[in-house]
Each structure stands twice: as structure tokens, then as C-alpha cells.
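Features of the protein shown, as given by TrEMBL:
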| type | residues | note |
| --- | --- | --- |
| BINDING | Tyr341 | heme binding site |
| COMPBIAS | 10-21 | compositional bias 'Basic and acidic residues' |
| COMPBIAS | 364-382 | compositional bias 'Basic and acidic residues' |
| DOMAIN | 8-405 | domain 'Catalase core' |
| REGION | 1-29 | region 'Disordered' |
| REGION | 350-393 | region 'Disordered' |
Amino acid sequence: MAHNPSTETKGSHDAGLKDNRGTQSNPGLNYNLLDKLAQFNREKIPERAVHARGAGAYGEFEVTDDISDICDIDMLLGVGKKTPCVVRFSTTALERGSAEAVRDVKGLAVKFFTQQGNWDWVCLNIPMFFIRDPIKFPDLVHAQRPDPKTNLTNPSNWWEFVCNNHETLHMVMFQFSDFGTMFDYRSMSGYVGHAYKWVKPDGSWKYVHWFLSSDQGPNFEQGSQTKELAPNDQESATRDLNESLERGECPSWTANVQVIDPEDAHKLPFNILDVTKHWNLGNYPPDIPVIPSRRFGKLTLKKGPKDYFREIEQLAFSPSHLVPGVEPSEDPMLQARLFAYPDAQRHRLGPHNLEMPANQPRQTVEDTKAKDSVRPEPKSQEHSAWVSETTSSEWSQPNELDYKFPREFWKSLPVLRDDEFQNNVVVNIAESVSRTPSALRRKVYRTLGLVASDLAERVERMTEKLVMEAEKKAKL
């Protein structure tokens with residue numbers, strides 16, 4: 001008899017049983033049928049609370065430059081050293097079935113299978129974040145989700161959150177620019193966002209921020225074309241990634257790190273532990289010291305998964321998955337994520353999620369007890385006082401820097417790109433705000449006026465024009 005995969009049941013009591021009618025005395029007593037139905041009922045797992053929709057691939061990381069003067073991380077020691085890894089790209093706020101091309105923050109998470117255990121880099125495609133107080137995170141996500149009453153997208157919820165939490169303005173400006181309009185995963189970069197500590201064997205350490213810069217992008221023209229040619233393609237970014245790997249193109253990213261001595265942190269005119277601000281690479285603000293980056297490696301993707309569910313969907317990432325030589329900073333948002341990510345994975349995958357094949361170390365893990373005993377040496381009393389002050393509850397309140405950074409970003413756009421790039425911010429914001437009530441629109445204009453008066457005026461003109469056009473169309 002020919003093999004029929006449509007009736008194959010893994011782990012059935014009688015794999016040879018094909019008749020699903022049961023016995024004459026008990027029609028429901030067919031273990032083959034019951035097992036198959038039971039497996040079907042349980043084959044799906046809860047989707048991620050955030051970053052639900054994703055795509056993944058395997059690759060390797062190669063050290064390209066010597067940075068042994070600032071780190072003692074085994075994976076990064078030795079030019080030419082290679083480490084296998086798996087990468088998962090994702091959208092952020094929307095559900096697993098949502099379109100990848102919508103305006104949304106994108107995720108880039110990497111799991112490195114090092115000789116000292118797995119090291120996770122959990123990155124976003126934008127170098128800052130919306131909030132610095134972790135208690136606001138659930139509200140931030142809910143504001144971007146469909147309205148709980150109608151289950152429809154409601155921009156009013158989002159703009160109410162922005163107007164009530166002004167620290168979001170920096171990332172809002174970035175997200176509504178063309179930098180936030182990415183339509184393929186290969187073109188986007190990834191930033192860890194938070195400050196970490198790289199610790200040397202003697203206990204000395206530095207604050208660091210590292211990021212992956214796409215060697216393919218950003219490709220704004222390609223993104224625009226993709227949106228026009230396939231406006232209804234929910235899987236555009238995943239399709240682009242898979243097809244590029246099948247063509248053997250092997251997309252790559254360059255790894256860079258910025259370094260700050262802890263004794264210099266309090267001298268800077270912004271708080272390096274505030275994740276709503278970026279570490280200036282030389283673009284803006286002009287009066288904030290430049291913190292140069294150093295190249296140290298290259299990540300290259302080589303192939304896609306053979307079983308997406310087991311190899312990608314069951315991946316459990318967390319910023320707490322560190323290796324000797326890396327420590328978290330005092331950033332309150334990072335400290336909250338150290339708990340939230342593993343807890344979310346326990347809910348989604350179960351308490352033994354790290355024992356799943358996707359999350360197990362791929363290399364023989366060395367005995368790291370000696371290095372594990374090295375902890376960052378305490379710094380001066382002045383630095384300790386700075387940490388206490390900059391992570392206090394008062395620090396979470398709005399301040400002038402919450403307007404300065406988005407203001408300088410707005411002013412820099414014609415220089416960094418062109419006038420059209422700046423105008424696209426106005427158009428993108430107006431298209432969203434035009435779908436909100438008039439009272440909320442006025443609130444948005446006042447909030448944007450705190451960033452720049454010309455920004456608020458241009459957004460108001462464009463928004464009210466769109467509102468009038470929509471009202472005229474509705475009367476036809």
C-alpha cells in the first residue's frame with residue numbers, strides 16, 4: 001500500500017491503523033484519531049507579547065578588529081574568530097498576522113552560540129526608545145494595539161499616550177521619518193539601545209553601547225517601491241529575506257561599539273542611562289559631545305531554517321542571556337527587561353524553554369567559574385551619587401532634553417538627507433493625526449510646538465487639509 005502522509009500520525013498507539021471509525025461497540029474509541037486531534041489542539045503556542053510576527057535565519061559572526069583593550073569577552077577576542085548564530089527579525093506592537101510593511105518599530109535579535117554559553121543581542125532598528133520608566137511599558141504597547149472596544153486600529157490611543165508622555169517625542173520623530181519606514185529586514189540596522197558594562201579581568205570596566213549597521217541599507221527607494229507594487233503583501237519582509245538567501249546573497253551587518261568611561265558619565269550634558277536618548281555619533285545634537293564608534297566585527301547570514309516553528313518560533317531571547325565579561329548597567333528599563341523577557345518565555349514556551357533544541361548551546365561550554373567571579377570594581381563616590389540621582393523617580397519626569405533631542409533631529413534632517421526627507425515627517429504624522437478628534441488634534445499641535453514651532457505649524461496645516469478633504473468626500 002502506498003504511503004499516505006495525510007493520514008500519518010506521529011506517536012500514535014497504532015501507526016498502522018487507518019480506519020478512523022472506531023469499533024462497532026465504541027465508535028469514539030480510536031486512539032489514532034484521538035491522538036491526532038489532541039496534537040492538533042495543542043500544536044500552537046501563545047504568540048509573543050511583543051515582536052509576535054517574525055522571520056529568521058542562520059549565520060556567523062566574525063571578529064574583524066582587535067578590541068582587547070576594552071573587553072575580555074571570549075567571543076570577541078582574536079581577529080578572524082568566528083561564532084555561529086541565529087537571527088530573528090520582527091515587527092513589534094502588532095499581532096502575528098499583521099502586515100510587516102506597516103509603520104512599526106522593528107526588532108533584530110541575535111543568539112550567539114559561544115564557547116562560554118549563549119549570548120543574546122536584543123536590538124531595535126531605532127537607536128532609542130519611547131520611554132525610560134518601565135512601569136509605562138504595558139500602557140505603551142496597549143496604545144499601539146487595536147482598540148479593545150472595536151478591535152480596530154485607533155490612532156487616538158497612540159497620540160493620547162504621546163501627548164501625556166513627552167519623553168516619547170524623540171523616538172516618535174524618528175519613527176515617523178523615513179528612518180522608521182523600513183520594508184525589508186535586510187536594510188535595517190539593530191541597536192541594543194541600553195548601556196552595558198564590559199568588564200576586564202582586573203575588575204575595571206567601561207559603559208558601552210553596540211549596534212549592527214546594515215551593509216545593504218538603508219534603502220528608502222526600494223521600500224517605497226515595495227509598498228507600491230505589493231500593498232497587500234502581508235509577508236513582504238519575510239519574503240524578501242527568504243528569497244535573498246535562496247539567491248545566495250548572504251546579507252551582512254557591521255558591528256560597532258561606543259565606549260564611555262564611567263568617571264566621565266556625569267560630565268556629559270545628557271544621561272547615558274536614559275534610553276530615550278541616543279549616544280551622538282556626530283549627527284546631532286551639535287552641542288552634545290560626539291561618542292565615536294569602533295568597528296569590531298561582521299555578522300553574515302548564510303541560510304534559512306528548515307523548520308520555522310522549532311528553529312525560530314521557539315527561540316527564547318533575553319537581554320539577561322550574557323557571557324563572562326558583560327554586565328547590565330543601572331538603566332531602569334534594562335533592569336526591568338532582565339526579568340520581563342525570561343518571564344514571558346516561561347509563559348509562552350514553558351519553564352524548560354532553555355532546554356529546547358533552538359535554545360541549547362551549540363558548542364561545548366567552557367568552565368567559566370573563574371571569570372564569573374570577576375565583578376565590576378566600584379567607582380568613585382561621585383559616580384555612585386550620579387547613578388543614584390539619574391535612576392531616581394524624579395529622573396523619569398519630563399525635562400528640557402526631552403524636547404532638545406527631537407528638535408535637533410528635526411533641524412538636522414535637511415542636512416543629513418534633504419528637504420523632502422524632512423517634509424515626509426510632516427506628511428506621515430499628518431496622515432495619522434488626521435484620523436483623530438479635533439480636541440486631540442489641537443493637543444498634538446501644542447505638544448509638537450514644544451519641539452519646534454515650524455514643525456507644529458506644518459503638521460497642523462497638512463492635517464487640517466486632510467480632514468477637510470475627508471469630510472468633503474464623505475458628503476459625496
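Every residue gets a Cβ built from N, Cα and C, even glycine.
Remember, TrEMBL labels are computer predictions, not curated facts.
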*For the residue listed as 'heme binding site', just count the other CB atoms lying within 10 A of its CB, please.*
20
*For the residue listed as 'heme binding site', what is the secondary structure state per DSSP, taken as helix, strand or coil?*
helix
*Any idea what the model's mean pLDDT is for the domain 'Catalase core' (8-405)?*
88
